[in-house]
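Student: The structure is given below, and queries will be raised subsequently.
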Amino acid sequence: MARFSRSSAQRLLYALSSSSSTVSPSPAGSLIGGAFHFRQFSAGNVARAKAAADDKEPWWKESMERQRNIGISAHIDSGKTTLTERVLFYTGRIHEIHEVRGKDGVGAKMDSMDLEREKGITIQSAATYCTWKDYKVNIIDTPGHVDFTIEVERALRVLDGAILVLCSVGGVQSQSITVDRQMRRYEVPRLAFINKLDRMGADPWKVLNQARSKLRHHSAAIQVPIGLEENFKGLIDLVKLKAYYFHGSSGEKIVIEEVPSDMEALVAEKRRELIETVSEVDDILAEAFLSDEPISAADLEGAIRRATIAQKFIPVFMGSAFKNKGVQPLLDGVLSYLPCPMEVSSYALDQSKNEEKVELSGSPDGPLVALAFKLEEGRFGQLTYLRIYEGIIRKGDFIINVNTGKKIKVPRLVRMHSDEMEDIQEAHAGQIVAVFGVDCASGDTFTDGSVKYTMTSMNVPEPVMSLAVQPVSKDSGGQFSKALNRFQKEDPTFRVGLDPESGQTIISGMGELHLDIYVERIRREYKVDASVGKPRVNFRETVTQRADFDYLHKKQTGGQGQYGRVIGYIEPLPAESATKFEFENMLVGQAIPSNFIPAIEKGFKEAANSGALIGHPVENLRVVLTDGAAHAVDSSELAFKLASIYAFRQCYPASRPVILEPVMLVELKVPTEFQGAVAGDLNKRKGVIVGNDQEGDDSVITAHVPLNNMFGYSTALRSMTQGKGEFTMEYKEHSPVSHDVQTQLINTCKGNKAAE
């Protein structure tokens, strides 16, 4: 779509004035999603078009600046649900407040306690939309638990800013550290909100110092509480120097007064501290501060906004969501200090240029780029949440799924309000919408076909761990397979397969916790009890030297027989090879007719699916066919396929095969006093420690450990570090096992086969 210039604005005005008879005046908002709609043109829009023609401001600029996409995340039980409930109440989304553990039995709007206990997130809906002072705010579900999969990356990709809720009594807890680390990794600007100031033992200044020391936050308070615990009455805004009191049954009436005289000294001290902290990271404010000029509220607000968006400063707000105090100033803070979609730089990966990074302009003028970041099974089929990064999406448009290459029509476009929907005609960059009837997987990118961009890398990590699962009762098989299909769509790192030998269903994923959560979800959401087998590590086999084969498969059974002879060799692929299996035909002449060559390749591929050592797939294998023989009558595709399978089995032992096991890159963060015990345990697990850094009071240890020795590690680590240690684990590579482990694995495999 071309930029909205003076001439196009004038043409539009001309068209409107000349066809005024066809314009139907609409009392409803004439700007749907911030874009022009000819059917619903009102006088206000004509004026806006005139203004656009005069100063060349693009029509979408104002709509974009009034948009915020935020997430609320915190340690479990810091009050995120209660805070979200209040935000929805004050913005008019819901008309009465229900407590999380309320006596009225309704429960908070955003809560479903089962899932809450399981995941530590309660905001079920992916995006709840509300309006505050003419700004549109999307509150987006941020996953509480990191299972180091793609899911977290996506949810945080969609956010432009976040609120980190801290408890004024509990302070900075373990999950707060994890959540903060994620936000830092994905460069999300954030505000902090110290909640529960009405509780016994509330001490916001202690929490602020903890955030500075434990989270390394460069932060300062924006507000000072008037009284604490049961005497908590209101807040003083240090930017505007006004006192706020919250009256009314639900704190909806805000009374603004001057700062109480007995608190002036404290307020002056805290305001100076705020200005000092911000001026350390903002040059404009630093100049004014050093030249001792009086700093106005507008100057200070501008400096805080610049520093927050640059992620150099974190403003700290205070309040008590349960007692309805401090929520409205926090919403004002979201508008004042968190970025609009235009101020956040988003990058796409250009698939046509080998995943090269491209910065998106973020304006509705560019080509359409949208990310499906969440799927939900709705009443009308699959509901897909889209975050639009660039361009415009309209109902009835054709869009292309870059990941699958399919062209899809947008049948219905809606905006979500918790669980209600509102149909819209179009939406532009920066907005979050949902579409129905679009078949896609979570993390797919949609474009209008002019570019081949994806928002997240399409290189999905290979699963490293498998479990055998089966439903306990035979009659719940339908629900069981429905659940597995849905989870596979939602999470590309979760795979489902069948074990050809035992006929069991095998689920594979990124680790123990990952698979446990899915088994638990099958039980909760689909009411299917599943029995879980022992975890299985995905070993691989490979060859280490060249081995020749020469095999003749001959069978005469009356009628047409079978005849096929293959000659050649197998050898390992070079280490940097992109493929895992390579077949090369180096036949000279017509010893084997060319129509049998695909059957020979198929035979070798099939044989490489299970190696002779422990029956796992053989990787990094190159098969070269040099010669062979065929019979004019008896040769067939089947004969050559069988010949190649037997040829592979015949020469495989001569190629000195080895077993490869997945090695994980494990990063541990443990308090220094436990470092010795943890390092000793890693050595016992045959790990290689590759790095050890100090970060404050913690030691950060990096190690390469075989996955087979990592089962049950989270429990072991907790007991070694009194619950203070945490670790992340991601797949690094498959590497050869030591000789003794190989013998042990082969013997176990033989024992299992004998038992069967």
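In case you wondered, yes, glycine gets a Cβ from its N, Cα and C as well.
From TrEMBL, for reference:
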type	residues	note
BINDING	74-81, 141-145, 195-198	GTP binding site
DOMAIN	65-343	domain 'Tr-type G'
Student: I'd like the number of other C-beta atoms within 10 A of the C-beta of LEU197 (GTP binding site), please.
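Tutor: Other Cβ atoms found within 10 Å: 26.
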Student: Let's check the environment of ALA74 (GTP binding site): how many other CB atoms sit within 10 Å of its CB?
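Tutor: Other Cβ atoms found within 10 Å: 26.
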Student: Near the Cβ of LYS80 (GTP binding site), how many other Cβ atoms are there if near means within 10 Å?
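Tutor: Excluding its own Cβ, the number within 10 Å is 28.
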